[in-house]
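Undergrad: Relevant sequence annotations retrieved from TrEMBL are reproduced here:
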- A:36-552: domain 'Cytochrome oxidase subunit I profile' (DOMAIN)
- A:56-76: transmembrane segment (TRANSMEM)
- A:96-123: transmembrane segment (TRANSMEM)
- A:135-156: transmembrane segment (TRANSMEM)
- A:183-207: transmembrane segment (TRANSMEM)
- A:227-249: transmembrane segment (TRANSMEM)
- A:269-292: transmembrane segment (TRANSMEM)
- A:304-328: transmembrane segment (TRANSMEM)
- A:340-362: transmembrane segment (TRANSMEM)
- A:412-434: transmembrane segment (TRANSMEM)
- A:446-468: transmembrane segment (TRANSMEM)
- A:583-601: transmembrane segment (TRANSMEM)
- A:607-623: transmembrane segment (TRANSMEM)
Amino acid sequence: MSLDQILVTGDPMILASQIAILITMIALIVGISYFKKWKYLWSEWFTTVDHKKIGIMYILAGVIMFFRGGVDGLMMKAQTSRPNMEFLDAQHYDEIFTTHGVIMILFMAMPLLIGIMNVVIPLQIGARDVAFPKLNALSFWTFFVGAMLFNISFVIGGSPDAGWTSYFPLAGKEFTPGVGNNYYAISLQIAGIGTLATGINFIVTILKMRAPGMTLMKMPMFTWTSLVTSVIIVAAFPILTVALAFMTLDRLFGTHFFTVAGGGDPMLWLNLFWLWGHPEVYIVVLPAFGMFSEVISTFSRKNLYGYSSMVISIVGIAFLSMLVWVHHFYTMGNSAAVNSVFSITTMAIAIPTGVKIFNWLFTMRKGRIQFSTAMLWSLAFIPCFTIGGVTGVMLAMAAADYQYHNTMFLVAHFHYVLIPGVVFAVFAGLYYWWPKMFGFKLNEKIGKWHFWLFVIGFNLTFMPMFFVGLDGMTRRMYTYSEGLGWEAWLGVSAVGSLIMAAGFAALCYNIYWSFRFASREVGNDPWDARTLEWTMASPAPHYNFAVVPEVDSIDPLWKMKKKGIKAFTKKDLKPIHMPSNSGIPIIMGIAFGIVGFFLVFEWFTLAAIWSLGIIGGLIANSFDYDDGYYVPVDEITKTEGLDDTERKWKGDQ
Amino acid sequence: MEKTNKIFPGKMVFGFFLSIVMTVLAAIVFYTDFTSSVKLWIIGALAIFQAGVQLIMFMHMNEGKSGMINTINIVYSVFIAAVIVAGSIWILSTGHAAHY
Amino acid sequence: MASGTSLPLEYSTKQNEMNILGFWIFLGAEIVLFSTLFAGYAVLEHNTAGGPAGSDIFIMKDVMIQTFLLLTSSFTCSLAIHQMRNNNLKGLITWLLITMALGLGFLYMEINEFIHYVHEGATMQTSAFLSAFFTLLGTHGAHVTLGIGWLTLLIIQLVKRGITPVTARKTFIISLYWHFLDVVWIFIFTFVYLKGLM
């Protein structure tokens, strides 16, 4: 295979990207070497098993992927802004909507949510770390390597172009002979391994590592939603694993799972993809619900309304989420009985979701609401998400769906679900928990700019899509002719997307500004919040809790503050056991990436040789009897400020 | 709970005996003259029963502090498994798929 | 259930307890994984595309031998755990070695079976039925192979360190894995071979 078959050539935009990527990589390597930061990066970040640092790396990766996916979105909007535009050709447009979808769901939403879960969950339940810290690091590195492998596709070998759903037969070798869809199959597989491990890790963490006294029904709502999300991950991701394995075998080894000529059934792909894909929607949306619950309760100065109905509805959603997948392909030619049953389950899932909406509203009722940026996101979420939900019920009716199916109406619907439901939540969560991660707040004033630009831009972008969709515009259409009456709608939509991008730029600027100028004196509890993570210093010390707290209610910190109870005193301190850093996860992650790359290009010998690296990592891990280390009491005393009798210690309010 | 210092592994031997019996039974049913759907129901039930024997007698599923969680986990996974298998067959073998 | 103090060694630390629970949840994921493979097989099993059907190539006698090999290995594996709980290192290693030998016997039979099929012209690429068949069986076989490698590593550690809370936990977890593979085989035996031969 010659070089120009590997590198994508001939498109000026891609050439510019290739040059930009090369320059950025060189600049990074030179910069890190010049400032002599390699050792710091290796020992503090690359080999870390600290859940907070892993969480921060997830969030960083997620924000970068948001940028990448956002640029894809902007290009699509530019292309459809006017009739007969020639900004992108059909092939390039296909590639861009494919990578946009995959990146936004799997490499933006998932890592941002898992990142915040990583940072917050152990702190909320009073744990030192997650149950399996080294596995957690491996999860991150497999995710990261999977994401990078997927991202290099557009400059090396060519992007996947069969849509984020990659339906067969289009995604099969016959109609898509390039390596693009190999990237899809293999990078998602690698990232999926990490996600499954995360699910197992968090189930065990939440079930086994809660502070004494924190029964299941006293857990914070974000912890509850993360637990249920983890359960759905464990139930759904193995299905994706198998579906992608079938795809890989079909494309790389000539099997016939989905090729009609060999007796295969392309509809089996749809069935398996959505068996995973629908639960995936709830995997991303449930932790978001948990974040809104925390934020709304904190900034309304009230406990969450209807705690147990909230828990029941989360569990109900999780249960139903596995029973609705057919509503993604009503038009595939199922029997009437199949479509009817899945119509009913789909409509049923609106009920627990509705319960939650009312719980949030009642939490705010008669509360002393503070309009912080985090709260604004939560407030905007409710109406926007409701529009998404109601249009979802319209789509749920199988008979009517024949009209809406694969139109822009559908595209508008799921953006109205996923952007308020996930992106707004992530923004709310970032503003809310930022001080706990970094020891300073994000600027509230720039935050308001971020909020208004993004929310207005969002509505301008996606509201028109409902109308062009009802007017007959199908999704994934790369151009259209004049006189169809769509020009104005799509023009507004394109302008909206620019405003939304400006909102994202405001977030980036906010992060930069706050890093440089924001006050470092935020205290333990900058929002006057209710849960355990706010009992410790900001940023959280590496061992989390100096003394594991005892809990006897849903909002333990709120109770402590009301009663004026101190969390602990100096004589309570004991040495803290911590896990040691490990290089095995990142090395295994890199080995996964290299094997994946060779598999994409079907160089099987090289892939086999490098897979020895993965096996070697497993063996090394099996013989690793490192039992961690202890943080001595002296160090804890110093960190908590307890050695200075003049100063009040940081745990004090 | 298995008592430590118990020398004869009675539970395991009994479990092994049961699984052998059920495998042989499945083979016998296979050679009978029932219709295949009846046979399938019987051997399917035997398989599920035998899986239960493995889970409880050999894998000590309900042992330890997390016994309850283990049981819920396995029951839920089996439910998901049933949804996947039965759902896929139902969806893909009715409707237009049945007529091509 | 038993009180905390009389629990066996493998549950003696909090980390051990969490590892065992984590592995059970992983097995839950494995159930989903294999059920998806079964679903794919069930949908495609009649689509032979002119190639051989299951009844043309399956051999009842070989399948029965494989089944008994794996069933017995599951039994010997449970005896190994019984020895471990009686704190008998020698007995533990002996039964683990027997388990491994039976697993190798099973693998030998399975590989022979696959070679036989390929000689009959039944490959993964022949038809959707055979793609699904080989993938399902191959995934199970790969699990058994991995289990044998894992057992080897474990036996080395047992010889070096004896029965400690850590090695006891590892042994117990591998026994869960091994029994689980037997459970999967029961369903393969029933719904692939017996059903295919009907």
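Cβ atoms here come from the backbone N, Cα and C positions, even for glycine.
Automated prediction, rather than curation, is the source of TrEMBL annotations.
Describe each of these features in terms of where it is and what it packs against.
TA: Remote same-chain partners of the transmembrane segment (A:96-123), defined as residues 6 or more beyond its termini with a Cβ less than 8 Å from a stretch Cβ, comprise 51-52, 54-59, 61-63, 65-66, 68-69, 72-73, 75-76, 88, 129-130, 136, 139, 143, 146-147, 150-151, 153-154, 159-166, 184, 188, 191, 195, 198, 202, 205-206, 209, 222-223, 226, 229, 280, 283-284, 287-288, 291, 418, 422-423, 425-426, 429-430, 433, 436-437, 476, 532-533, 536, 540, 544.
Counting same-chain residues at least six beyond the ends of the transmembrane segment (A:135-156), those with a Cβ under 8 angstroms from any Cβ of the stretch are 6-8, 14, 17-18, 21, 47-49, 51, 54, 57-58, 61, 65, 68, 95, 99, 102-103, 106-107, 110-111, 114, 118, 179-180, 183-184, 186-195, 197-198, 200-201, 582, 584-586, 588-590, 592-593, 596-597, 600.
Outside the transmembrane segment (A:183-207) by six or more residues, the chain places 98, 102, 106-107, 110, 114, 117, 121-122, 125, 127, 130-132, 135-136, 138-143, 145-147, 149-150, 153, 157, 159-160, 162, 166, 171, 219, 223, 226-227, 229-234, 237-238, 240-241, 244-245, 247-248, 251, 592-593, 596, 599-600 with a CB less than 8 A from a CB of the stretch.
Same-chain residues lying 6 or more positions outside the transmembrane segment (A:227-249) and placing a CB less than 8 Å from one of its CB atoms are 113, 117, 166, 168, 171, 181-182, 184-186, 188-189, 192-193, 195-196, 198-203, 206-207, 219, 255, 257-258, 268-269, 272-273, 275-276, 279-280, 282-283, 286-287, 314-315, 317-318, 321-322, 599.
Non-local neighbours of the transmembrane segment (A:340-362) in the same chain are 289, 292-293, 296, 304-306, 309-310, 312-314, 316-317, 320-321, 323-327, 330, 378, 382, 385-386, 389, 392-393, 396-398; each lies 6+ residues outside the stretch with a CB under 8 Å from one of its CB atoms.
Beyond the ends of the transmembrane segment (A:412-434), by six or more residues, the same chain brings 59, 62, 104-105, 109, 112-113, 116, 119-120, 281, 284-285, 287-289, 291-292, 294-295, 298, 372-375, 377-378, 380-381, 384-385, 387-389, 391-392, 395, 440-442, 447, 450-451, 454-455, 458, 461-463, 465-466, 469, 507, 514, 527, 533 to within a C-beta distance below 8 angstroms of the stretch.
Taking Cβ pairs closer than 8 Å, the transmembrane segment (A:607-623) reaches residues 134, 584, 587-588, 590-592, 594-595, 598-599 in its own chain, all 6 or more past its ends.
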Undergrad: Going along the chain, which residues at least six beyond the ends of the transmembrane segment (A:56-76) come within the CB cut-off of under 8 Å?
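TA: Those are 45, 87-88, 93, 96-97, 99-100, 103-104, 107-112, 114-116, 118-119, 140, 143-144, 147, 151, 426, 430, 437, 497-498, 501, 504, 508, in sequence order.
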